[in-house]
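Right, one structure below, let's go through it.
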Amino acid sequence: MMMADIATAFPAIKILRDEPLAHYTHTKTGGPADYLAFPTNVQETKSLLAYANQISLPVTVVGNASNLIVRDGGIRGLVMILTQMAAITTAGNTVTAEAGAALITTTQVAQAHALSGLEFAAGIPGSVGGAIFMNAGAYGGEISTVAVAAEVLTPEGEIRTLNQAELDFGYRHSSIQDYHDIVLTATFALTPGDGAAIQAQMDDLNARRAAKQPLELPSCGSVFKRPVGHYTGQLIQEAGLQGLKWGGAQVSTKHAGFIVNIDHATATDYLELIHHIQAVILEKDGVTLETEVRIIGEEPTTQK
């Protein structure tokens, strides 16, 4: 029996065909997804994955698309954006958030319950699932210090709960990247604190972020991982690359570790600029800059 296409098979779920991912990424770049689905709960996510597996449709999962570059050729198969799964609950000293919940909102819920430990994440624009996926961090804090469990959907469709050890956190890394699990929820173990003091620390970090980072322009956040013994922004600055324009993309004049979209940039502009920076820094300083930003999708069939 011939299977219906996935959009037809799930009329109750919002599924768009040939949808430009530039509408969703924080860089405002990226080609189309063959199918873009917005599941609202675990069962819908599980059903979409099972159906896609049945018809051999590749599956890609995206959270808030903040630290992400989608190539201009887009993504074949099914892309699921989990931002409709955003419930956050508290119990005692723990906060449990669905994968699509904004990390910023999660920190605000923790503060409202006078729970300390997530202050460092107050300005990180990603989702909870994305934060687990890459062990997000800022200002000396990392998700690995507070995330004690994550409920995941395996590529085979099994729901499992991973403990902190099984999440195998490292610098901008977790086991989710190795096994291609889909994060469904994450649980954070926090410490009782003073709500006003927690808010004051969050306000301070947000002010520091606003002063140093180009928040007013589209970007993918930190482009590169910090190389041992160096500061990425400083290396780029000293190489004379700050302010360099490449198509519609530019090395931020506010913080050289960021690439901003100043004039209808394409993902290709971003990626070519990234490769240029890597080549210059390798030749000048002998330092290999690894990308922190997640890069997915296919090259365009015709280059500009």
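Just so it is clear, glycine is given a Cβ too, placed from its N, Cα and C backbone atoms.
Annotated features, as they stand in Swiss-Prot:
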ACT_SITE  R172  active site
ACT_SITE  S222  active site, proton donor
ACT_SITE  E292  active site
DOMAIN    28-193  domain 'FAD-binding PCMH-type'
Cα distance (Å, whole number) from E292 (active site) to the residue listed as 'active site, proton donor': 7
Inter-residue Cα distance where the pair is E292 (active site) and R172 (active site), in Å: 7
Neighbourhood of E292 (active site) by C-beta distance under 8 A, where only residues 6 or more apart in the same chain count: N67, M134, R172, G221, S222, V223, F224, K225
DSSP state at R172 (active site), helix/strand/coil: coil
Cβ atoms near R172 (active site) (within 10 Å, other residues, all chains): 21
Around the Cβ of the residue listed as 'active site, proton donor', the count of other Cβ atoms that are within 10 Å: 22
